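Participant: Marked as disulfide bond by TrEMBL: 133-169. Among the features that TrEMBL reports, region 'Disordered' is placed at 163-210. Feature annotation from TrEMBL assigns compositional bias 'Low complexity' to 173-198. The domain 'Lysosome-associated membrane glycoprotein 2-like luminal' annotation in TrEMBL covers 209-271.
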């Protein structure tokens, strides 16, 4: 169940029953919350199968388009998008999670809905162009990490037909293929044309991971130190070993009076929290 996540898909139509906004993507959320004991816990909020998109609107030259999803026990997510004469773009991404959902937030100290908003980090997209991002990207919003992959979105669709023209996110390359859900590293292979078949060699065994030194500061004082080599063993169709490279891994997080959280992002679809 760890890798299971439902895709969201929305097709909004105008008064003439023509498609004005289309979107399809996958997402999940990592949320840090305080428990009744004063400790901070990190939980994963996944989409359920019963996703609705009540309140979504097409938008026009003077009104923003809105994609709104409701799922699970009182959770919701939305993004509003605006356009000018030549482009459209996302403005604010808003997540509301409900800590009364005890299956996701066991022993939460704060009860009820919590709302966090963040600006869409991507630049404007030309009108009559689909925004596509196959590879995984992360958006940080206070104590929430929003994780997205396999994204296809077009707002302000013209003439009711989703465009064939694409605008790719920086995480994708011209030869990118859809990635599997986050925590599985992307593996790229290159092929070379030769006159004769190249001899096959056994795969090189995965070596021990390099040791990284990670730290967090609270003001001018270091509050968290970790010296560790990290290797993930992911079991899906076949085992996959992933070494975390300290040279490309960014440490983030926060220190409290009684707890500390360290988040490591290797920039390659792997996010680890301690």
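Cβ from N, Cα, C; glycine included.
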Participant: Out of 133, 169, which has the highest number of nearby Cβ atoms, where nearby means within 10 Å of its Cβ, if these are the disulfide-bonded residues?
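Facilitator: Most Cβ neighbours within 10 Å: 133.
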Participant: Could you give me three numbers for the domain 'Lysosome-associated membrane glycoprotein 2-like luminal' (209-271), the DSSP helix, strand and coil residue counts?
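Facilitator: Summed over the domain 'Lysosome-associated membrane glycoprotein 2-like luminal' (209-271), the classes give 3 helix, 40 strand, 20 coil.
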